[in-house]
């Protein structure tokens, strides 16, 4: 038996987006997010109103602290004593600062992104940031695969959806499930994810697969046939640029017009209750439903659900086994696509700068991981559990 099941890694790194923690942080944070786009400061102040109405504090950093504590607890329970660190793209603790500190003490680090799905903004952009952060160091960084299709993430979403349905009381049996994720430009969506992918792209494909898996399990447990849809929130960018649709508010209006008697909104695109959830869903979408007289409940995000936290540790162990040249078992829910440890060059490309390097890419700066399938069309050692 191997002494350290997480070998060859000697440290773990949670990588997230970051968010302001007080009112004076809001505009500087938004300047970091929009760096290089030439957005006027007055526009950033306008956008910042979403944060100001909640005291100028995003919940995302507190959510990361809670996840870190839950991961630490599960690591300790399993006797895995690797240090666990945290770095953000856009706010303190900054990713580049944390990686430089890690490089002074560690040589092989495993990263866990707080984005569960493939797309440029939720995967490759972080890998570009990691590439920049390791420059001038000897540290190597790998990542776990995309995990929205892992049974742990799906189980957390199932439990949350069932609880939200229960909160509707007598309206629950005929409620429709509306799964929600962050809207992104359609060009980005269409080029997202490993091949094979539909013309909609892997970003949409993966969300639909997870929504179908959650709905099937919810229906099986309730003995009902709830229908489901995928909708989007948090659209930005110029009106002339196509983004993924429908907007969740427009969709709720359309469902009401069709006679749908109640809805449960399930934010499967987010692992925690950050600003897009508490403003776009708990505030705007809830207000839309209230104005329509449409019974509405919002399911919780995965957060620190035990199945989700345990699943992330399982994914770390899986990735470590792959790094040792083994063929680890990869758990995914039925009919879901399978994520990759090292992404293909045409997976989630940077449409503004296709030559920008990124870590964790086949043939890229970090190279390919040993013991992995060479073709995106091959699944390798994949197991699809019969039940969650």
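Just so it is clear, glycine is given a Cβ too, placed from its N, Cα and C backbone atoms.
Under the heading Fe-coproporphyrin III binding site, TrEMBL lists 58, 126. For residue 126 (Fe-coproporphyrin III binding site), the same-chain residues lying six or more positions away in sequence with a CB closer than 8 A to its CB are 15, 89, 113, 115. According to its DSSP assignment, residue 126 (Fe-coproporphyrin III binding site) is helical.
As annotated by TrEMBL, Fe(2+) binding site applies to 182, 276. Annotation note: residue 182 (Fe(2+) binding site) sits in a strand segment as assigned by DSSP.
What TrEMBL records for 361-388 is region 'Disordered'.
Comparing residue 58 (Fe-coproporphyrin III binding site) with residue 182 (Fe(2+) binding site), their Cα atoms are 17 Å apart once rounded.
Counted over every protein chain shown, other Cβ atoms within 10 Å are most numerous around 58 among the binding-site residues 58, 182, 276.
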